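Asker: Quick one: this structure, given as structure tokens, is what I'll be asking you about.
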Amino acid sequence: MPSPLRQLLELMIQAVETLESVCEEKGISLPDLHAPYTPASEAFLRIPAAIEAANVITAAADHMSAIVSPPTSYLYKFLGGPCRAVAIRACLESNVSEIIREAGPSGIHVDDIAKKNGHDAQKLARFLRYLATHHIYREVSPDVFTHSRLSCFFDTYKPSAEVIANPKQKYDNTRGFAAPASHHLDITFKAAALAWETMDDPKTGHSDELTDAPFARAFPEDKTLWNLLERDAFARNRFDLTMVAVAQRQSPDSIFRAFDWERLPAGALVVEVGGGMGTSAFPLATKYPEMRLVVQDLPDVIAKAEKLWTEKMPDALSSGRVVLQGHDCFAPQPQTDAAVFLLKMILHDWSDEYCVKILRQLRAAARPDTALVIVDCLVPLACRLDDAAEAALPGAVGPQAPPPLLPNYGTVNEYVYNMDVMMHLLFNAQERTVAQFTRVLLRAGWRVCAVHRTQEGNGVFLQSVEAVPA
């Protein structure tokens, strides 16, 4: 039998051949690592067969590295995490990406970068070289750096002089990766530094309280992220842009695949709990004109939503087909005729105890035939599951990589595990496995009946769990 290394190599070769064949058939090119990112360069990631091939290549490459690398070298990828974060933040906040973009493809010397942003040239060179070792930026000659496909994501595409002169407005009106990177490398990073102390403290280690999250230890004057965002306009704007970036990882019509909306009768009521501005309600209201929708959130959010709906879909409001309602999800649910309660990216903000409180309010207001639809990340296990688990609950297992790869595709889905840890750091909350959702829902009087997965998000990012009254 071939060695695991040989099996991984064969999987990688087959995946590369598939990827190249698909791209040739579609007349598209694979990205050039040395060329700036463009939406067109990522066109292959809209083809299902290419996505799967890319996932196998990525998982196999890291798996092979784990086999052949000296253990200490491989482990330093994790131990060196703070160093990577520091290097990225230094370049991000000192506006290196904007300066490099303006210099053009031939690059710019760190001395000239330093003249523009006022920072130490030698320190900038060390950070840039560290990142270039991971293909983030490129060192084209000694101390001369230019962009790579990856480093472009830290660029706001504003003039460097503007962001240098107005750092508090740097992320205003941007829609890229720079704002979320800044948020995570600032607030989340500081909370992470005290995660172990929080976990090891008998007073907080087993707590489900929001005010016992690692964030609270890092920011004792605020205690919760929401308090910090209320007092800090820059952090608030940056956080809002981070949420926009997360939403952009899914297509607007993804909500149509979260549930079989076609089965609802005309006039059915759908209540989106914690619906914000109504991101999910807009496409539903457009596609299903006979559907009634209630979007619930806190009053200040609903006030902003009313302005948006008045601009985008005023007839839906004036006709009463869409209602925007101020509501606290921990209070008794006023809507008692819902065909569907929809919660998208809500439960991951809360620990199990608080999720049960939210879900019990919905259960008390539910009809016998009410469906509960939860859209959140589904954390895959790192072990392989058999067919019995899938047979017991359709969609429970999700996609599994071919052996000898880890069944969860290894680092391909690392984003979801990052999200899980970030929820812990900021909110003492979590992303959940299907089994964890099942347990929480049962405690609140709901029974999971199906899991709806799509290849978008690799079957783990923002997928749907459907439940009915138990």
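Every residue gets a Cβ built from N, Cα and C, even glycine.
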Asker: Quick check on the annotation: Swiss-Prot has Gly274, Gly275, Asp328, Cys329, Lys344 binding S-adenosyl-L-methionine, so which of Asp253, Asp297, Asp369 does it put in that site too?
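Answerer: Swiss-Prot lists Gly274, Gly275, Asp328, Cys329, Lys344 binding S-adenosyl-L-methionine, and from Asp253, Asp297, Asp369 it also lists Asp297.
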Asker: What number of additional C-beta atoms lies within 10 angstroms of the C-beta atom of Lys344 (S-adenosyl-L-methionine binding site)?
Answerer: 23
Asker: In whole Å, note down how far the CA of His348 (active site, proton acceptor) lies from the CA of Gly274 (S-adenosyl-L-methionine binding site).
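Answerer: For Gly274 (S-adenosyl-L-methionine binding site) versus His348 (active site, proton acceptor), the Cα atoms are 12 Å apart.
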Asker: Enumerate same-chain residues with a sequence separation of six or more from His348 (active site, proton acceptor) and a Cβ-Cβ distance below 8 A; give 'none' if the list is empty.
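Answerer: Once residues fewer than 6 apart are set aside, His348 (active site, proton acceptor) is near Asp376, Cys377, Met419, Met423, Ala429, Gln430, Glu431, Arg432.
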Asker: How many angstrom lie between the most widely spaced Cα atoms of the S-adenosyl-L-methionine binders Gly274, Gly275, Asp297, Asp328, Cys329, Lys344?
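Answerer: Farthest-apart Cα atoms in Gly274, Gly275, Asp297, Asp328, Cys329, Lys344 are separated by 15 Å.
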